[in-house]
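Notes for the one structure printed next.
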Amino acid sequence: MRMQSNPKADLLLDVRDLETHFYGEESVTRALGGVNFHVKSGEMLGIVGESGCGKSVTALSILRLLPKQTAKTVGGEVIFKGRNLLELSERQMREVRGNRIAMIFQDPMTSLSPVHTVGRQIAEAVQIHGRVSRAEALEKALEMLRLVRIADPERRLNNYPHEMSGGMRQRAMIAMALACSPELLIADEPTTALDVTIQAQILRLIVDLKDRMGTAVMFITHDLGVVAETCQRVIVMYAGRIVEQASVTDLFARPTHPYTRALMNSVPDRRRGRQSRLPEIPGVVPSLREPLVGCSFAERCPFAIGVCREKMPVLSEIQPGHAAACWRSNEVVNL
C-alpha cells in the first residue's frame, strides 16, 4: 500500500514497489521486497533499522550503484523529478549521480582516493558536472572546504586523506557531495566511525547546510536519537520492507509497529536507572533467501497471533501520514 501524499507538495523523489535481489551461486537473497516512500524538496527523511534491514541497499538501488555481477533491481520505479532513474542510460545516470543526487558514505577513508589530494578530488567532481576550468574548480573546492568549516582550508586543500582526521575527512566528503548543489543528499550512516563529539558536529553541519542550500536529505541511520533531533519524517525498515512510516513527532508519540516499539525500548534511558538491564530484541532477522510467509517480525514479536505467521501484513494508514504493516496495529498503538 502506498501512503497518500499531499498532491500540492513538492515531490522530489518517489520510490515505488522497489525490489532488489542479490545472487549467489545457489541462492537468491531478496534484499528489498516492494519498498514505497517519497522525499519532498527540502525535507530531511530518516530511514532507520537494524544492520541488514535494507537501508543501504535502498540507497544504492536508487543510484544504481549495486555490483552488477551479483545484484539487480528486479522491480519497481524510482521517479526523480518526473523521470524513472531505472530506465535511464548509464550516460544519463552519470549526469544525475553526484550532480542532482549525491551520497555520503559511512567510511570516508575508503571512499576517498588515497593517491590524490582532497582538493583535487572535490575539484574533479565539479569539473565532471560543470564546464569550468581546473583553476575555477579548485577555487570552488576551496569555497566548499570553507563552507564545511574545515580549519585552514588553503592548506587542507593540498592534504591527502591520510593526513586528515576522521572528522575532517567526513567534512571533505560532505564538501564533495554538495559541491554541485544537489537537490537530494543521501547520507548513509555518515557519523558511524566518529567519536560522539565529532558526530554531533557533523550532524549539525549537515542540518545547517540543508537549510542553507535547500537540499533534501535522506538520512540513513540505526540511531533513533539522531532521527528525533534532525528529521521531519521517518521510515522504519525490517527485513527488506518498510514496517512503519510517520512524522517524527507521531512516531515517537505513538509507535505502532512492535518492531518500532522494540527499537525504542532498546535505546538507553537514564530514567530506567543504572541497575536495570537494557532490553534487547530476542531472536534473529529471518533469512531473505526464502520467500517470507506471514509477517517477517512474527517470530520475534510478543504480540504475534496465528494470522501473523500465515499472511504478510500490508502497510496501512493508522491516521493521515502514519502507517504500519501490522495485523494488530490498532491494539498495539493503544498499549
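Residue numbers in this text run from 1 along the chain shown.
Keep in mind that glycine also has a Cβ here, set from the backbone N, Cα and C atoms.
Remember, predicted model here, so these are calculated numbers, not experimental data.
Pulled from Swiss-Prot:
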BINDING   GLY49, GLU50, SER51, GLY52, CYS53, GLY54, LYS55, SER56  ATP binding site
DOMAIN    15-264  domain 'ABC transporter'
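SER51 (ATP binding site) counts 9 other C-beta atoms within 10 Å of its own C-beta, drawing on all protein chains shown.
Taking the centre of the Cβ atoms of GLY49, GLU50, SER51, GLY52, CYS53, GLY54, LYS55, SER56 as the ATP site, the nearby residues of that chain (Cβ within 8 Å, site residues left out) are VAL57, HIS222, MET237. Listed in sequence order, ALA31, LEU32, VAL35, MET237, ALA239, GLY240, ARG241 are the same-chain residues at least 6 apart in sequence whose CB falls under 8 Å from the CB of GLY54 (ATP binding site). Cβ packing within 10 Å was compared across the binding-site residues GLY49, GLY52, and the lowest neighbour count falls to GLY52. CYS53 (ATP binding site) falls outside any helix or strand according to DSSP and counts as coil. Its Cβ placed at the centre, CYS53 (ATP binding site) has 24 other Cβ atoms within 10 Å.
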